[in-house]
Amino acid sequence: DFGRSSELAFVVEPSDDIAVQEQPLILYCQVEGIQPITITWRKNGVMIVDSENAFMLANGSLYVSRFQRVRGDGSSDEGEYDCMAQNHYGLVVSRKAKIQAATMSDFHIHPQNAVVEEGGVARFQCQIHGLPEPVILWHKNSMPVNTDNERYTLLPKGVLQITGLRAEDSGIFHCVATNIANVKFSREARLTVSGSHSTVYKDPMILVGPENLTLTVHQTAVLECIATGNPRPIVSWSRLDGRPIGVEGIQVLGTGNLMISDLTVQHSGIYVCAANKPGTRVRRTAQGSLVVQAPAEFVQHPQSISRPVGTTAIFTCVAQGEPPPQITWLRNGQILETSDHIKLKNNNSTLSIYGINQADEAIYQCLAENSAGSTQASARLTVLWADGLPSPPQGVRAETVSATTIQVSWEKPLQNTKEIIGYVLHIRKAADPVEMEYQEAVSKSTFQQLVTDLEPSTSYSFYIKAYTSRGASKASEVTVVSTLGEVPAMPSLFIKVINSTTVQATWEPSIKLGQHEGFKLYYRKVHLSQYTGPVLLASNVTAYNITHLDASVVYEVKLLAYNQHGDGNSTVRFVSLRETVERTVLNPPCDCMKDEQNNKTSTTGIIIGIHIGVTCIIFCILFLMFGYRGRLLMCKNVQEQLSTPQIPRSQRSATGLVLNGATRRDRDDRDLNGKQLDMNELERLFPASPSQEQQEKGITSAHSLSASHDETQISTLPLDEFSIIEEQPDPLPKNPHGSSPAALAPDHGPANEG
């Protein structure tokens, strides 16, 4: 009974059609399933009764003997038809078939006379409405236009294009429209080809660009684009979104018309026609949109299911199309009404039936419909019911224990209790939907359950089911009870000192506080027992300033939230204003005008300081550079001095260099020894060149004569124990190399440094 062949389903459904006036019409409907099956028809939702004009055939199809768009009584055979099939298990409804009468209007656009120069482009157009879409053909001089001529392009919407005009193209043109309803002829238009082909330059120009089109998948779209210019422009196509047009199913008609066959939804977009002057970037563009619709079709069909009484049944139906289809659910052919135990979710894609019972057994249908078409799919719900199941539990009671706890008790069922394996308590907030329900399992020997972790001041509904290995009993009666109220939780409190007599108490609103009506604020001096307050504050207030305080004492501030059930626990903070007073004394308020002037002065000083610093750095660099150069010159002078005979001591001035009060003899001895040290350093840093061999011999001789004379004395005079005082030196004769005495005087300093 649950096989595919047993399901009541359509094998053939009626389809959309266009009927011819006074001609017969047949709408097909074929169903499979368990017999007996009854088939009926509806038009626009109204049952069709068999009559001489319309009646049902033996195979279930509907036969209309003489279709009429308008009957004598004002009725019409046009409309939406559907087929209904019913058997013992339920009823299904077919998709809606739209039936329209074949018609043809008069031409509302006729071809117009045209005079075009030779080599140009001629375009004729005629338009007419009809069902089905009329086929339009063109005649020239009462003869069909030769479509084999590649210069002649016929477009589906009644357009004739002639390119590269010649004298023989002149003539009289008209179009002929044909469909199953009628044949009609347009007015005539004359084409005159004048003169010879012009060589005058003309900018590219698009005579006619693409129109906006709305079509259905698998149809053919023709986007027109005809351009003129001299030289003849090149026509190209692109998409505005930059995506490639592709090549499959794409064809160019004539000199620039784009034809797309077997349309898909991906072909939707804005198409741009460009007329380009050859060899340049000169171009003209026109654009038109193409919208491709797709009828609704199912991605996932609902599946027939069997469920025990009291459980949940879920049907899923997913459809796609362009535009996105709307989904409607039927139950045995009637629109399904939602309730507490029947819910639709996910844009009607999911049907959930909670706590099913025998009345829910039916055939459920999913109808998907959009502007391009409709489709349907069905599934059956079978409710399983076993004989000998327990009756519902009795005497269900619920008593409030606290703000978060309720105790539920019950009595065992009156019938069939031997096979009970346990009970299930169903719990739900009274204000929540059925799908928010949750369950708690209870052993078969237990007839009460303490339900915890509930919300304060909230109503809950409870019912019980008894379970056996073969299924569940029906639900007990539902009982509703509310939890007790609860005082609010402790608020978070922060204290901020504003000045020497004012503090600000702030706190943050939080859902953790629970339901509260407001806040109470207290404060006192810590050495006193009496509080000031309460200061009553609304529930939306989050700050309060406490003023006129004594800066010499410590204060205690207390805040609590309250509601109709009482006061919550308080939060306490201590605060002292003494530090604020001390900071005020140590740091008196600033003179803003004076500070501003000081800031300006400081800024000026910083700028001047930067300039001075930069100048000092430059002088330091110059000093180092010239000092290093001077050292090299002094070293050279030392060499020259040591290579000449020493000046007698008696010829020297009494004024000279005084070294920390040492005797002149000591000074001279140290000078000689200093020269010895300088020579050691010069030999290491400045290797001698061949041209200086003579001087080196003299220096070596002097070094050898004095090496043993004052070595011990020099070691006993560390550099940090003497200072150098330069007095006016006596004039000395020039040395053999022409060095001045002034150049020799500084040598004493570097010699001692060495």
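Just so it is clear, glycine is given a Cβ too, placed from its N, Cα and C backbone atoms.
Note that this is a predicted model, so its numbers are computed, not measured.
Features of the protein shown, as given by TrEMBL:
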- 8-100: domain 'Ig-like' (DOMAIN)
- 105-192: domain 'Ig-like' (DOMAIN)
- 204-287: domain 'Ig-like' (DOMAIN)
- 295-382: domain 'Ig-like' (DOMAIN)
- 392-486: domain 'Fibronectin type-III' (DOMAIN)
- 487-583: domain 'Fibronectin type-III' (DOMAIN)
- 606-626: transmembrane segment (TRANSMEM)
- 644-654: compositional bias 'Polar residues' (COMPBIAS)
- 644-754: region 'Disordered' (REGION)
- 663-673: compositional bias 'Basic and acidic residues' (COMPBIAS)
- 689-707: compositional bias 'Polar residues' (COMPBIAS)
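Over the domain 'Ig-like' (8-100) the predicted model carries a mean pLDDT of 92. Across the domain 'Ig-like' (295-382), DSSP helix (H, G, I), strand (E, B) and coil residues number 3 helix, 54 strand, 31 coil.
Taking DSSP states H, G and I as helix and E and B as strand, the domain 'Ig-like' (8-100) has 0 helix, 44 strand, 49 coil.
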